[in-house]
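Copied over from TrEMBL, here are the features:
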- 3-340: domain 'RecF/RecN/SMC N-terminal' (DOMAIN)
- Gly30, Asp31, Asn32, Ala33, Gln34, Gly35, Lys36, Thr37: ATP binding site (BINDING)
Amino acid sequence: MLIQTLKLTHFRNYEHQTFSFDPFINILIGDNAQGKTNVLEALALLANGRSFKTASNQEMIMFKQDFSVVEGAVISSEKPVTMKVVVSNAGKRAFINKKDIAKLSDYIGYLNVILFQPEDLSLIQGSPKLRRKLIDSEITKISPIYMYNISKYHKLLRERNMYLKTLQKKHASADAYLAVLSEQMAALQVDLIHRRQAFVKLLNDISHTLYGYIGQEESLSIQYMTRYKEVSKEAILAKYEHNYERDIRYATTTDGIQKDDLKIDLNGQDATLYASQGQQRSIVLAIKIALVEIVRQEVGEYPVLLLDDVLSELDDIRKTKLLNLIENKVQTFITTTSVEGIHHDVVSRAKKMYINHGKLVKEEYDG
Ligand SMILES: Nc1ncnc2c1ncn2[C@@H]1O[C@H](COP(=O)(O)OP(=O)(O)OP(=O)(O)O)[C@@H](O)[C@H]1O
C-alpha cells in the first residue's frame, strides 16, 4: 500500500496544503507544534475513518471553519484509489473513488496504517485498557466481521448496563430482558475471544522472532488472557446468570471481554513486573513490527508505517534494527524536530518535508 498524495483543507492548522510522498521514506521536520503529527493524524483518518487523537470532529476542523477535508491518492491492491473523508459537526462522510460509502466497514481496508508513538512505550506497564485497545484496533483493520461484532458487543454492553441501573432503581430482580441481553452478549463473546486468541497467537509467533532479531536474549511470549475457563456460549451465560444479583446491585456488568488482557512474559517472568525500560522498548518495537508483518500476511500487502516522534526514543541499535526491517518494503512517515540522530543513509534517501505553522515550506531529497 502506498500513499501518493495528500490534500488537506481546513484540517487542524492546515488551511490548504498538498503533499506528494516518496514510496519509501518520508521525513516531516519542524519545530514543536507546527503540524507534523497533524499530517500523520490525517493519514490515519484517511485509512481508518477515525482519528487516533480525538473522538471529536470539531477538534479536527480548523478554528473558525465549518468542515475539513482530507483526500488522498493511494495505491491499494496495485490499483489507484482515491480516498476522502469530510469532517463536519454533523459527522464524517467517507468516499472511495468519489463514491459516498455509508458503512465504515466498507470504507476501511483500502489503506492500512500502523502508528508508533512514544505513548506506545507504556504498553507494557500501562493499564489493560491500552493493550485491549491495541488488539481491538489492529484486528478491526484486518477483519470487518470483528469490527462489526465488537461494536455490536459494546452497544449491547451499554444497553445492559443502562438496564441494570433501571432494575437497581426499582429494586427488581433479573428478568427476561436481562436474560436476552446476556444471551446475545455470551454468543458474541465466543466469536470475539476466538478471533482475539488467533490474532494474539500470530502476534506472539512473529514478535517472538523479532525480539531475538532486535538483539535481546530473553524469550518473549504474549498470550491472550480471557477470564473464562471455558469459552462456550453456555459457560459464559452460566457465569452471567451467576452474577445477575451482583450486577444489579452495582448496576454494571462485572464479567466480559471488556476485562480481558494480554499476558506478556520474558523467560516466563511477568514483563510488567520485571522488564527493564530497555527490554520494554524492545518488546514494544517487536510488537509494532510484528503488526506490520501481520497485515502483510493477512491482507497481502505491507501497511504504511507512521513513526510519530518515536525515533528519538530509541537508541541507535534499536533504531537501526527497525529501519533495516522496513527498508525498501514499507512506506514510512517519520516526524522529528531534527534529522540529527537518524542514520545519514536513511536521511539522504528520504524525502524531507519541512513544516512551519501548518504549511509545507520546503521539500527536498538530498542533504
Ligand atoms: N482545530 C485546529 N485548528 C487550528 N489549529 C490547530 C487545531 N488543532 C490543533 N491545532 C494546532 O496544531 C498545532 C499542533 O500540531 P501537531 O500536533 O501536529 O504538532 P507537531 O509539529 O507534531 O509538534 P510536536 O513536535 O510538539 O509533537 C498547534 O499549533 C495547535 O494549535
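Placed from the backbone N, Cα and C atoms, the Cβ positions cover glycine too.
Cβ neighbour density within 10 Å is lowest for Asn32 among the binding-site residues Asn32, Gly35. When averaged over the domain 'RecF/RecN/SMC N-terminal' (3-340), pLDDT in the model lands at 94. Note: the ATP site is recorded as Gly30, Asp31, Asn32, Ala33, Gln34, Gly35, Lys36, Thr37; in the same chain, Asn38, Thr335, Thr337, Ile355 also have Cβ atoms within 8 Å of that site's Cβ centroid. Within 10 Å of the C-beta of Ala33 (ATP binding site) we count 10 further C-beta atoms, all protein chains included. Neighbour counts were taken at the CB atom with a 10 A radius for the binding-site residues Lys36, Thr37; the maximum falls on Lys36.
Over all protein chains present, the Cβ of Asp31 (ATP binding site) has 11 other Cβ atoms lying within 10 Å.
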